[in-house]
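Participant: From Swiss-Prot, here are the annotated features:
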type: BINDING; residues: His67, His107, Glu144; note: Zn(2+) 1 binding site
type: BINDING; residues: Glu144, Asp178, His215, Glu260; note: Zn(2+) 2 binding site
type: BINDING; residues: His181, Asp228, His230; note: Zn(2+) 3 binding site
Amino acid sequence: MDLLGAHVSIAGGIHNAVDRGVSSGCDVIQIFTQNSNQWKGKAVSPADAQLFRDKLAASGLSHVMSHDIYLINLAAAPGEVKDKSLIAFKEEMQRCAALGIGKIVMHPGSHTGDGEDTGIRRICEAFDQLFGEVPQFTGKVLLENTAGQGTNLGYRFDHLKAIIEGSSYPTRFGVCFDTCHAFASGYPIADRDGYRRTFDEFDRALGIDKLMAFHLNDSKKGLGCKVDRHEHIGAGALGLEPFRFILNDPHFKLVPKFIETPKGDADEMDALNLKLLRSLIEG
């Protein structure tokens, strides 16, 4: 099993994500557990949770990962956005506990002009609160590296390191490495030398064992553009080589890898992008 998959929709019920993943040829899937553009999500009923768990067990999928909603900003100053963010992430943890999902990917957030150190401190404080409030979620939060747009945090590995080391729960974190975001933020992963230097830096900052998931996305824009625009595999500025490097790197053989590339009218592009990625695997 290649541990390749996609972000899939939960339209019509969260259990439908399993069928969509299987239909697209996924080994693993990533989902939103609620509408990603609304603050308030619906609690998962025991019946819905059991249906999801049963379908997942029968599906052959090996990993399911959740992604938090885009509105959440745990780096925000005290106020309405911070309060809503804490509630929304707490509810995300509760839903994942009910569904049996053990990993939540999240964007660290934006300091909105208050400075990187201040934003990182706020994130650490938020997670110290959240892990204490939701003991039933026993999984990990995967911090996703970002493209570096605006005042967003997470575009350097040192940001992720500071969050993990600044938390009272350092063992509850991992990292999700997004290829588009890394390239956009200035990591030169498109050639062999840059790839090696990037992951050597990651290992020095965080330890390679902290890398627990990949988002495999090509980039519409060039190196260091600070713009987050995903493209089909091999059709953007990254090309095919960095994906070939990752898929054949023995360090990452057991790390689940998810595409978040454009879907097409009926999600047909997921199967095509996954087929292309599998063609890059050697041996």
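Glycine residues also receive a Cβ, built from the backbone N, Cα and C atoms like all the rest.
Owing to the predicted nature of the structure, the values given are computational and were not obtained by experimental measurement.
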Participant: Filter the binding-site residues His67, His107, Glu144, His181, Asp228 down to those whose C-alpha lies within 10 angstroms of the C-alpha of His215 (Zn(2+) 2 binding site); answer none if the list is empty.
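Facilitator: Near His215 (Zn(2+) 2 binding site) by Cα: Glu144, His181.
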Participant: Only counting partners 6 or more residues apart, tell me which same-chain residues put their Cβ under 8 Å from the Cβ of Asp178 (Zn(2+) 2 binding site).
Facilitator: Glu144, Asn145, Thr146, Phe214, His215, Asn217, Glu260
Participant: Using C-alpha atoms only, work out the spacing between Asp228 (Zn(2+) 3 binding site) and His67 (Zn(2+) 1 binding site) and round it to an integer in Å.
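Facilitator: A Cα-Cα distance of 16 Å.
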Participant: Look up His181 (Zn(2+) 3 binding site) in the DSSP assignment and report helix, strand or coil.
Facilitator: helix
Participant: Just to verify a number: CA distance, His67 (Zn(2+) 1 binding site) to His181 (Zn(2+) 3 binding site), in angstrom, no decimals.
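Facilitator: Here the two Cα atoms are 16 Å apart.
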Participant: Rounded to an integer, what is the Cα-Cα distance in Å between His230 (Zn(2+) 3 binding site) and His107 (Zn(2+) 1 binding site)?
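Facilitator: Rounded to the nearest whole number, the Cα-Cα distance is 16 Å.
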Participant: Measuring Cα to Cα, how many angstrom lie between His181 (Zn(2+) 3 binding site) and His107 (Zn(2+) 1 binding site)?
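Facilitator: Cα-Cα, rounded: 11 Å.
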Participant: If you count the other Cβ atoms within 10 Å of each Cβ, which of the binding-site residues His67, His181, His230 comes out on top?
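Facilitator: The residue with the densest Cβ neighbourhood is His181.
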